[in-house]
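Visitor: This structure is in structure tokens; I'll ask about it shortly.
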Amino acid sequence: MALRQNQLLQHLWKQNWVARARNTTSRIMRPDDANIVGNVHGGTILKMIEEAGCIIGTRHCNTQNGDRCVAALARVERTDFLHPVFIGEVAHVSAEITYTSKHSVEVQVNVLSENIVTGAKKLTNKATLWYVPLSLQNVAKIIEVPLIEYSSPEQEEAGKKRYEAQKLERIETKVRNGEIIISVSLPDRQTKEPYTVAFSQSSLIHLIGPSDCTLHGFVHGGVTMKLMDEVAGIVAARHCKTNIVTASVDAINFHRKIKKGCVITVSGRMTFTSNKSIEIEVFVDADPLVEAEKGKYRAVTAFFTYISLDKENKPLLVPPLKLEGEEEQKRFEEGKARYLQNKAKRLADKERQQ
């Protein structure tokens with residue numbers, strides 16, 4: 001009898017853990033979520049993905065005794081936009097915790113769009129996010145993460161490899177960007193030749209208010225990503241002068257937190273074009289007005305990729321990027337290497353699925 005009760009308790013505990021480790025939210029897409037032709041902005045989807053990750057990460061990290069905490073976004077792995085989402089469709093965002101280290105949580109998120117008139121559904125996004133739990137009493141204190149159960153030792157080992165790889169890349173990216181603000185100038189466009197980097201580069205300035213922030217008073221990662229997508233979209237539209245949509249986002253690294261009251265400058269510039277895609281480098285620089293003595297700093301960096309579409313949502317050829325100077329040529333070659341690497345990976349993944 002005692003054995004049976006113990007088995008029942010273990011079964012109930014496992015069911016409760018599975019419920020905590022998975023989460024699904026749904027929302028209908030409204031006109032203010034989309035561009036002028038009805039495609040939902042990539043930034044809107046990224047914000048929903050991050051909100052789902054934050055909910056499940058925070059919920060998991062507060063299942064133990066001790067300091068209460070909030071999961072803060074540290075990194076988003078490469079995210080592909082497999083299909084567009086349209087106004088009137090329902091986006092179902094499901095999140096699952098797939099790995100935990102001592103101080104971080106890996107969350108994998110899928111987005112499924114549903115046409116509620118026809119019932120048709122399609123997978124639109126798959127994303128992997130990394131969070132660190134910060135104490136509500138002391139934002140500088142990182143809380144230890146409760147462990148999760150793995151279905152096999154191989155699953156745990158695969159998660160550990162992903163953790164080590166993203167940790168190394170975060171360090172390399174931070175070193176590459178350093179703490180120096182590389183300004184993206186905004187010259188008079190009328191004096192610049194179309195299809196050059198200088199002609200399309202753009203910036204957006206935003207004051208971080210309470211509605212942008214977590215319980216800590218620091219900006220939500222999803223808010224930042226949405227602003228980054230807006231700027232990148234403007235750059236792509238200025239270059240193509242057509243309807244453009246987000247195709248993918250390379251890993252987004254959150255180097256430093258952005259506090260309420262900061263003024264952020266989100267800047268984007270083109271780095272590479274293929275026949276049908278555009279790569280745009282985006283920076284987020286923060287200026288703490290109240291604590292001006294701390295100076296400006298580079299907070300977030302990422303590469304966004306866009307495609308140009310006609311009125312029937314079919315891909316169009318992208319005007320080639322006209323390069324000016326060695327620095328632009330260098331960035332173009334680096335972008336080309338990323339493009340070829342991602343293309344090879346997509347082909348390899350497609351072959352494995354066949």
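The backbone N, Cα and C atoms fix where each Cβ goes, and this holds for glycine too.
The structure displayed is predicted, hence computed values, not measured ones.
Among the features that TrEMBL reports, active site is placed at ASN35, ASP229. Annotation source TrEMBL lists domain 'HotDog ACOT-type' at 19-137, 198-312.
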Visitor: Around the Cβ of ASP229 (active site), how many other Cβ atoms lie within 10 Å? Please give the count over every shown protein chain.
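Guide: Other Cβ atoms within 10 Å of ASP229 (active site): 26.
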Visitor: Please report how many Å separate the Cα atom of ASN35 (active site) from that of ASP229 (active site), as a whole number.
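Guide: Between the alpha carbons of ASN35 (active site) and ASP229 (active site) there are 12 Å.
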Visitor: Over the domain 'HotDog ACOT-type' (19-137), work out the mean pLDDT and round it to an integer.
Guide: 94
Visitor: Count the other Cβ atoms sitting within 10 Å of the Cβ of ASN35 (active site), across every protein chain shown.
Guide: 15
